[in-house]
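In what follows, a single structure is set out as structure tokens and then discussed.
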């Protein structure tokens, strides 16, 4: 029932039924040439029509019912002679219902047929020109009035449907946006974990070096110190040699410890470049996109952890966008620096020609760069492709180097 409540649907049938019943009583109460039984029968058919037509889904069946009522009414008009009050009322009633129930074009054609039939009947029964014009004017006016009411009602319903669909789409978009944010957060967390794993791997390597080099040398020191009391009793010269050997090994251990500590202090920054190479290798294996990395202009390889993470995530998002949207076969990343800044340029040979839409990924890249105190720009590459230029400050690195020198 088009989403209507049962009470409203019942009301829409009850009102026209009462109109028919009241008019039928009025026409029967006045003496006319029309057969009362035939008049009551025609009104009863119309009454049944009101309660049946809402359940007819087929347009063809509905049109057939309307045509049948029209022919029945014209027959009633013809056999009633000059008495055409009840018949004319029923014709107008049928026209109004057609304006509401039939499709717009069919209702217009059906109304034209009704008007044409009225003209023929009035002419055949000697109706005057003024009567014909008056009847046609009334019918046209009523048709325009009720058709406009129908159009407004349909427009309102369409607007309500569109509003409901937009609200539903808005909810779906909000859900999708939350899912994207969740996925993006998980991706960020995975990026951080990959960097941490790289740091742990580097520290494991350093621990292994300590065990293999310093551990061996300290074992040698312990053995020589354990034998020293016996050597002192036997030969003074041999004992001096042992002491010199122990001192030499101890100095080497100290130098090795300093070297390891220095490497551990730099491991979190040096891991940035290692992580980038690992990311590029992973992308090439999984997507088939060829990615080159140029570090010829890189003289400063000691990056702060926040710089390493920012570069890693921006390169990761850039390569993801290239794979998804650019239809590129090659991408290139160039990393360089000067005294105060680190520069990363990412280019591809994809389909981009100059019209850029800032989506979730590009906006996130730009915000990430700005959060790190840097900047990110996008520009077109001739003949096609996209260039991403990232600039990040290295002040934190310079400060760390000064602390190390102290």
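Every residue gets a Cβ built from N, Cα and C, even glycine.
As stated in Swiss-Prot, the feature transmembrane segment covers range 37-57 out of the listed 37-57, 163-183.
Listed ranges 59-79, 185-205; the one Swiss-Prot annotates as transmembrane segment is 59-79. Below 8 angstroms of C-beta separation, residues 59, 62-63, 66-67, 70, 74, 77-78, 84, 88, 91, 94-95, 131-132, 135-136, 139-140, 143, 147, 151 of the same chain, each at least six residues beyond the ends of the transmembrane segment (102-122), sit close to that stretch. Packing against the transmembrane segment (14-34) from elsewhere in the chain are residues 40, 43, 46-47, 50-51, 76, 80-83, 85-86, 89, 93, 97: each is 6 or more residues past its ends and has a CB under 8 Å from a CB in it. Among residues of the same chain six or more beyond the transmembrane segment (80-100), those with a C-beta under 8 A of the stretch's C-beta atoms are 16, 19-20, 23, 27, 32-35, 39, 42-43, 46, 49-50, 53, 66, 69-70, 73-74, 106-107, 110-111, 114, 117-118, 121-122, 125-126, 135, 138-139, 142-143, 146-147, 150.
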